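*Asks:* OK, TrEMBL features for this one:
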SIGNAL    1-21  signal peptide
DOMAIN    52-177  domain 'Corticotropin-releasing factor binding protein N-terminal'
DISULFID  C60-C81  disulfide bond
DISULFID  C104-C141  disulfide bond
DISULFID  C183-C205  disulfide bond
DOMAIN    185-306  domain 'Corticotropin-releasing factor binding protein C-terminal'
DISULFID  C237-C264  disulfide bond
DISULFID  C277-C318  disulfide bond
Amino acid sequence: MPSAFQFQCHLILIFLAASKGETRYLEVRDTGEDEPFLLLSEDLKRELSAGQIYRRSLRCIDMLSMEGQFTFTADQPQLHCATFFIGEPEELITIDYDFVNIDCQGDDFLQIFDGWILKGEKFPSSLDHPLTTSQRYVDFCESGNIQRSIRSSQNVAMIFFRIHHPGNGFTVTVKKNTNLFPCNVISQTPSGRFTMVIPHQHRNCSFSIIYPVVIKISDLTLGHLNGLFLKKPSAGCAGVGDFVELLGGAGLDPSKMFPLADLCHSFHGSAQMKIGCDNTVLRMVSSGKHINRVTFEYHQLDLQETELRKENSIEEFCFPSI
């Protein structure tokens, strides 16, 4: 695809229509007239040599998938702004404050959030993140020079900001770091292949695809210890500490999505499912006692495939949204 990450129009309306909040942990409330995602072409990426730093100005609502230095300067009061950062699945995002000129005493703020939060829903969900929701916010007006470099826990992060006075603003530098064991991921594309490995860690990991998709699991290893497989449970996943679940829904938070299928038996082969929801999530729950691994591929579900869906498709409730 020509762009790295492209929402369907109805998803932009769903996710970027902001909920109204009165706390300091403000969310996106209004996209205004700005196109929410300014995406960079592969041609531009190739033109930038290894020694160059990509630089550009930020808009009130913006999205970035590249490293570089980015500056926002208010030309009028900007009260509900956000920049969304996304990397490849195996990347973490580091955001450094280079320059900040805002009026903290005048109710301006500049916050970095570890993950994405849209319309009251978070990714990763509170169940799958090691920090509490309040700890996931780093407020410049509270931390100042104490914490000028923040690294995300997954391949997405974002900045919230409010600036009242024209001419005020900030500059940040965004860098990518390798994550050897990616856990929570939002896919940049509607198709791809990924292997998730959780090595003896007690954590839950979600892979989110914000499209209706066909997803095919080709390999699943659960309860793997010293080269041996544990005995399979008699029925279902109840009481099993290690399993994979498929979720579907119209929001961002996996904990608020509808469970479609549970997989708690290791297998090598192929299991395919068509999921017509706006957001599809593969979530692995790990007890930390074993090495768990799942390999899957996915591609965007088109209208013809929904018409030809067969017995292994999910319930009808997901398909009307396409």
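Each Cβ is built from the backbone N, Cα and C atoms, and glycine gets one as well.
On this model, are these features tucked inside or out on the surface, and what's nearby?
*Replies:* Under DSSP, the residues of the domain 'Corticotropin-releasing factor binding protein N-terminal' (52-177) split into helix, strand and coil as follows: 13 helix, 67 strand, 46 coil.
The Cβ of C104 (disulfide bond) lies under 8 Å from the Cβ of F140, C141, each of these being in the same chain and 6 or more residues away along the sequence.
Other Cβ atoms within 10 Å of the Cβ of C183 (disulfide bond) number 24 in total over all chains.
The average per-residue pLDDT of the prediction over the domain 'Corticotropin-releasing factor binding protein C-terminal' (185-306) is 85, rounded to a whole number.
Long-range Cβ contacts of C237 (disulfide bond) within its own chain (separation 6+, distance under 8 Å): F243, E245, D262, L263, C264.
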*Asks:* Can you tell me how far the Cα of C277 (disulfide bond) sits from the Cα of C205 (disulfide bond), in Å?
*Replies:* 20
*Asks:* Restricting to the same chain and to sequence separations of six or more, state which residues have a Cβ under 8 Å from that of C205 (disulfide bond).
*Replies:* D128, P182, C183, N184, V185, M196, I198, R283, M284, S286
